[in-house]
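A.B. asks: Sharing a structure here in structure tokens format.
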Amino acid sequence: MELAAWCRWGLLLALLPSGAAGTQVCTGTDMKLRLPASPETHLDMLRHLYQGCQVVQGNLELTYLPANASLSFLQDIQEVQGYVLIAHSQVRQIPLQRLRIVRGTQLFEDNYALAVLDNGDPLEGGIPAPGAAQGGLRELQLRSLTEILKGGVLIQRSPQLCHQDTILWKDVFHKNNQLALTLIDTNRFSACPPCSPACKDAHCWGASSGDCQSLTRTVCAGGCARCKGPQPTDCCHEQCAAGCTGPKHSDCLACLHFNHSGICELHCPALVTYNTDTFESMPNPEGRYTFGASCVTSCPYNYLSTDVGSCTLVCPLNNQEVTAEDGTQRCEKCSKPCARVCYGLGMEHLREVRAVTSANIQEFAGCKKIFGSLAFLPESFDGDPASNTAPLQPEQLRVFEALEEITGYLYISAWPDSLPNLSVFQNLRVIRGRVLHDGAYSLTLQGLGISWLGLRSLRELGSGLALIHRNARLCFVHTVPWDQLFRNPHQALLHSANRPEEECVGEGLACYPCAHGHCWGPGPTQCVNCSQFLRGQECVEECRVLQGLPREYVKDRYCLPCHSECQPQNGSVTCFGSEADQCVACAHYKDPPFCVARCPSGVKPDLSFMPIWKFADEEGTCQPCPINCTHSCADLDEKGCPAEQRASPVTSIIAAVVGILLAVVVGLVLGILIKRRRQKIRKYTMRRLLQETELVEPLTPSGAMPNQAQMRILKETELRKVKVLGSGAFGTVYKGIWIPDGENVKIPVAIKVLRENTSPKANKEILDEAYVMAGVGSPYVSRLLGICLTSTVQLVTQLMPYGCLLDHVREHRGRLGSQDLLNWCVQIAKGMSYLEDVRLVHRDLAARNVLVKSPNHVKITDFGLARLLDIDETEYHADGGKVPIKWMALESIPPRRFTHQSDVWSYGVTVWELMTFGAKPYDGIPAREIPDLLEKGERLPQPPICTIDVYMIMVKCWMIDSECRPRFRELVAEFSRMARDPQRFVVIQNEDLGPASPLDSTFYRSLLEDDDMGDLVDAEEYLVPQQGFFCPEPTPGAGGTAHRRHRSSSTRNGGGELTLGLEPSEEEPPKSPLAPSEGAGSDVFDGDLGMGAAKGLQSLPSQDPSPLQRYSEDPTVPLPPETDGKVAPLTCSPQPEYVNQPEVWPQPPLALEGPLPPSRPAGATLERPKTLSPKTLSPGKNGVVKDVFAFGSAVENPEYLAPRGRAAPQPHPPPAFSPAFDNLYYWDQDPSERGSPPSTFEGTPTAENPEYLGLDVPV
């Protein structure tokens, strides 16, 4: 039994082709169970189609075969793309022993890949007579069939068929065959012989030992789709189908997808490959086209090649057919809308139309090429009363006289009796046959009354057979060279029941003396090729070269006429071509080199306005006239030339005057040019002398706007330091008061003082910071108030009462709402957008460098690393220094390149800090590992309260390509949209049930502990008055009162209560609490009180408003009123006197216990309290979100260590609040160049973070 199995595999190996290159492909049919169009030629049709065929591109339909039919032409078929149908046949067996695979791309009755139906003698009563020989199919003999990819099996009403029920069809079906149905009828007239004992488990296709079924699926080891045996090493390659002889994809019996030169592949090699080195698409020399299940170097004839590498019969949308010079056809994409084409039957809007009728024949008027087919049925000329279609008239068929090509087939089974031929198609040259009638015929003529064909221009039948039968009066069928029309060996002419050739010759219906006796009908116009010469469409014995009119010349056996102006010659040629300059002699005149009917007289040649005058001499040659008149040429002489006219004296005078004027103008122009030349030489000499003596520098204007910001120089006596807020490597920050000389004003300020013995570089850096801060003018960027040039330089800035934003969100984690977070994001983005507009790169944006002026107003600060770009700069390259690694963009770490887009990266990290309530980015990861981590694609995780909308904005900010990051103006728009509907984008648990946003903080309460901090004037109120900013000046009497002023002050009484005094002056009415303020409150305390608190305010103490009358020049321009993402109020409130002036109603004083909860800001979207669920966030390595309360202050964090080469600072007891003025997020690995400040500072803790590296050390 094993020996027999190996013998079967040896037979299969012998049948395996060496590659797809020598595979013979043929077309299938599509007749299903219909009777053949010509039963007498049906077997011949099958023989022509399948003789030597190995792959059937279509269906293999074997129907209506007689019992004695010889079917040996089927024995080479190995693969069928569609289905196999064996029906109504009387043969005993069908030799398909080599058929391995049925792909089922088309299915019989939409379900079956193999159908065997009604193969037996039709017997009355279904019982054969005793001893009678019964015909019909006995055995399938599909011994090599081991794969059906799609479709089931239908075997019915074949009473002589045996062994169909012994086949293990499960082994034949592919594992992914969803239509694996088997409907098998086993009713037989007689018993069948059993399978051979050599067949394992009695699975066979016939009774002999060679008909045993080869199992290639059910016997396989686990995981094998197909195999050659039961061992795990017998598995076939995954691209194999029908079995294999080895494990490689070149050992397959058939390919599951595509056969590439004997190797099974999932895809054919692409025609174009991409070169990653040159970033170009290159032609692939190994590229192949897809043709069925094969990969071919070029598409077969009559198929169209596409740019995507496929062979198709119809071009895709927006493509057009193009025929190359070598005759190959391809689909080419239209550069503009494709030209209109004519569609035939079976295409587009005529897809369901059966025949050409009077209703659709006008679709083909003027068409030279029809994409589709043409069919003429009896209904075409009989009409259809049901659809009100009139009969087609013979004269209407003349629309096809211009037709030259049909891409489908031509089928004619009815034709008008008044037309003895098909001469309406006399210019038809090609029938391509891309679509065939019944899947077999490209030309079918049957049952017609014509006498000859008349297709005199037909030169090609691209595919399919020609069927001409049952035309009782048709002659000249055998005089056509059909073999010259066919393009592949499977094409042939099938003819029967036409008029006998002897009768045609007897009636004189013979060819004109044509070349080789080939013609389409009688007469000289029906020759396929002429034996002598061709004049137009007519064959002639000779051309009219020497006699006859019109005279002709010969070119490539064509008789072509001479020009009409050529003079006919006697006994010699008249011309050498068809043009007027190719005549031997002219019939009338010669205007060299052309023969003309008359000489040109006043004729204007092409593209000329000058007429030409010529006359004919004695020899008939045209000569130019002595006078060439251009206008007023009415007087002509006897030769037809213009007569000579005497010049008028007026003309001479005019010419002289014009000449003199022209000479004067030329002289003036020359004089001016000479003078200017001398001036230029003198100017050049003077400039050279000045440059040589270095008296004047050359001008190189940049076009940049001048920076008109003012630097305010303050005296040390005007400043009073109150307490230390923080200390850094280069100086200390104090809380202080600025008391301008000569004024009764106290302004709370922050004073940054350099340490003693600081390096010159440190002095330069703090002056650079002063230069940057003095030039900004935005409500969201901290401004410089002045500079004090003492022995240690001091910078004076606004005092932000709420400290830095990082400590603020950490301290009030449970009291912040979604609207607060999104409003801060909007304000920071607006500040950074302003810095981008003024070409300032911050380089150090982080939550620690954003100060809180009020709970609703934050400002960007710390410009120690900021750099102002010049007018022609787009980026800044740093040369060293401390940098915040975990906040920096990837291109800013090793290349030291900083742009506005690198600030966008830092902005994304800052937003992440806010959304995690102050968590540390990349917590627990050393700073040196950050670049590698970012290059590998790791980013900070999504904060728990963020929706995907907010997080995706962060992710866009962290794109490697800086050009892919959003601009700040885009970030302003995005977060402004989110701030209008905050709870949709930031989800904080129990936000609606929590307390309102806090007013003060630990840092703010520490500022109020000093008595000197009461009764202060905000710096912006002192410097920037804003009259008429909100509304026009009210007219006298409007509202019944004049303007009054008011401002806010805050103190603490002895009982620790916070008392707010808000008092109006007598000149100004109370203002609406809904009126927006650009500063959103005072610098000392926000005047935007809650309505509940506002109702309790009573009488307010008065204060001298004289400080508010001081005006100073300021280079900034107030921006339009903005609501930072909130909805602005629709009403227009009275205008405040100054920008950050709080607006309240006059109320009695109100004493509050503890911190005062504020109301929702003016114009807020939702009136609701805010809180955050106090749940503990889970830790992690990259960007771990820990409990922000576990962080403590920024200074006490034990993770931040002293850098190399510097002594660690002595620990200090943690203060009650986190000053965070000494930034601990930076590290300079080589601090020697920057000086060595003392390791400790009296009363102020300092720290440096080792996670942040210096730029002067390679990362």
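Glycine too: its Cβ is placed from the backbone N, Cα and C atoms.
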A.B. asks: Just confirming the record: what cysteine out of Cys299, Cys311, Cys331 does Swiss-Prot connect to Cys315 via a disulfide?
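C.D. replies: Cross-referencing Swiss-Prot, the cysteine bonded to Cys315 turns out to be Cys331.
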A.B. asks: Quick test of reading the record: Swiss-Prot lists a disulfide for Cys199. Which of Cys212, Cys220 is on the other end?
C.D. replies: Cys212
A.B. asks: Which stretch, out of 675-688, 1067-1080, 1095-1108, 1109-1122, is listed as motif 'Nuclear localization signal' by Swiss-Prot?
C.D. replies: 675-688
A.B. asks: Identify which of Cys504, Cys519 is listed by Swiss-Prot as the disulfide partner of Cys511.
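C.D. replies: According to the record, the bonded cysteine is Cys519.
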A.B. asks: For the disulfide involving Cys268, grab the partner from Cys240, Cys244, Cys295, Cys299 as Swiss-Prot records it.
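C.D. replies: Between Cys268 and the options Cys240, Cys244, Cys295, Cys299, Swiss-Prot records the bond with Cys295.
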A.B. asks: Identify, among the disulfide-bonded residues Cys252, Cys530, Cys539, the residue whose Cβ has the fewest other Cβ atoms within 10 Å in this structure.
C.D. replies: Cys530
A.B. asks: Check the motif 'Nuclear localization signal' (675-688) for me and report the mean pLDDT.
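C.D. replies: Taking every residue of the motif 'Nuclear localization signal' (675-688) together, the mean pLDDT is 90.
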A.B. asks: I'm trying to understand the geometry here, so how far is the Cα atom of Cys212 (disulfide bond) from the Cα atom of Cys204 (disulfide bond), in Å to the nearest whole number?
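C.D. replies: Here the two Cα atoms lie 4 Å apart.
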A.B. asks: Closest to Cys519 (disulfide bond): which of the recorded positions Cys575, Cys622, Ser727, Asp844, going by Cα position?
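C.D. replies: Its closest listed neighbour, by Cα, is Cys575.
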A.B. asks: By a simple count of other Cβ atoms within 10 Å, which of Cys199, Cys299, the disulfide-bonded residues in the record, is least packed?
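C.D. replies: The disulfide-bonded residues Cys199, Cys299 were compared, and Cys299 has the fewest Cβ atoms within 10 Å.
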A.B. asks: What does DSSP give as the helix, strand and coil breakdown of the motif 'Nuclear localization signal' (675-688)?
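C.D. replies: Helix/strand/coil tally for the motif 'Nuclear localization signal' (675-688): 14 helix, 0 strand, 0 coil.
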A.B. asks: Cα within 10 Å of Cys539 (disulfide bond): which of the disulfide-bonded residues Cys204, Cys514, Cys527 qualify?
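C.D. replies: The disulfide-bonded residues close to Cys539 (disulfide bond) (Cα within 10 Å), listed in sequence order, are Cys514, Cys527.
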A.B. asks: Out of Leu725, Ser727, Gly731, Val733, Asp844, the recorded positions in the record, which is closest to Cys599 (disulfide bond) when you go by Cα distance?
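C.D. replies: Checked the recorded positions Leu725, Ser727, Gly731, Val733, Asp844; minimum Cα distance to Cys599 (disulfide bond) goes to Asp844.
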A.B. asks: Between the Cα atoms of Cys252 (disulfide bond) and Asp844 (active site, proton acceptor), find the distance and write it as a whole number of Å.
C.D. replies: 65
A.B. asks: Looking only at Cys334, Cys367, Cys575, which of these disulfide-bonded residues has the biggest number of Cβ atoms within 10 Å around its Cβ?
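C.D. replies: By the 10 Å Cβ neighbour count, Cys575 comes out on top.
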A.B. asks: Restricting to the same chain and to sequence separations of six or more, state which residues have a Cβ under 8 Å from that of Cys342 (disulfide bond).
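C.D. replies: Non-local contacts for Cys342 (disulfide bond): Glu363, Phe364, Cys367, Lys369, Ile370, Phe371.
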A.B. asks: Taking just the CA atoms, what is the gap between Gly731 (ATP binding site) and Cys511 (disulfide bond) in Å?
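C.D. replies: That comes out at 116 Å between the alpha carbons.
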